[in-house]
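For reference, TrEMBL has these:
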BINDING   N107, H112, E117  oxalate binding site
BINDING   H110, H112, E117, H158  Mn(2+) binding site
DISULFID  C33-C48  disulfide bond
DOMAIN    63-213  domain 'Cupin type-1'
SIGNAL    1-23  signal peptide
Amino acid sequence: MASPSSFCLLAALLALLSWQATASDPSPLQDFCVADMHSPVRVNGFPCLNPMDVNADHFFKAAKLDTPRKTNKVGSNVTLINVMQIPGLNTLGISIARIDYAPLGQNPPHTHPRATEILTVLEGTLYVGFVTSNPNNTLFSKVLNKGDVFVFPEGLIHFQFNPNPHQPAVAIAALSSQNPGAITIANAVFGSKPPISDEVLAKAFQVEKGTIDWLQAQFWENNHY
């Protein structure tokens, strides 16, 4: 007969497995659940439109992802197509983005709290990488050329950089959430509103408060459009 401690261990393992099973976007329980953006009901995601009111346009957007985008001062532009642009993505657990990189441009270190990302280079060359969690903080990086594919695990800090000083680059990324979210590390740390105490950041980064004050005074531009 199993001991009480064995039952406790089994219960803990089952709880952990069930939590992991629901840690990303939930699986749909019907063919589709087109987001009703105007419903007063608040749920995790969006409530469903009446299927009788759904048409093909709810699954479509003339996104012009074949068209180059203007980049910002960090040299990139992320054009994300998620549930906010295509209501039919609701509950389907996927979105897509076109990323344009200027020569020597980058998509700076950031994380997607709700999605794994798989990136394909369409034009040019990219130096990409991600960093594992504490305590090792191991960097996995690679130089990608046209047609190459790289995966960024969910929640981990990652980046892309175009090392070519003369030619732009373009990539397409698929993400495993209808709303993956993005946290750009520098923007979040130095551009939060209200700002994080400079004493906190000076201690965390082991620099003078004046350095933190200068960083917080910069304009931390968003590259997600």
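Positions of Cβ are set from backbone N, Cα and C atoms, glycine also.
Annotated Mn(2+) site H110, H112, E117, H158; additional same-chain residues within 8 Å of its Cβ mean position, judged by their own Cβ, are T111, A115, F130, F152, L156, I157, P180, A182. Its Cβ taken as reference, C33 (disulfide bond) is surrounded by 21 other Cβ atoms within 10 Å in the chains shown. The Cβ of E117 (oxalate binding site) has V151, F152, H158, A173, A174, L175, S176, P180 as same-chain neighbours under 8 Å, each 6 or more residues away in sequence. Apart from the site residues N107, H112, E117, the chain places the Cβ of V78, A97, H110, T111, A115, L119, F152, H158, A173, L175, P180, A182 no farther than 8 Å from the centroid of the site's Cβ atoms, the recorded oxalate location. Within the same chain, residues at least six positions away from N107 (oxalate binding site) with a Cβ under 8 Å of its Cβ are V74, S76, V78, I99, Y101, F159, Q160, F161, N223. Long-range Cβ proximity for C48 (disulfide bond), meaning a same-chain Cβ under 8 A and a gap of 6 or more residues, is found for Q30, C33, V34, A35, D36, N90. Residues within less than 8 Å, Cβ to Cβ, of H112 (oxalate binding site) and separated from it by at least 6 positions along the same chain comprise F152, E154, G155, L175, S177, P180, G181, A182, I183.
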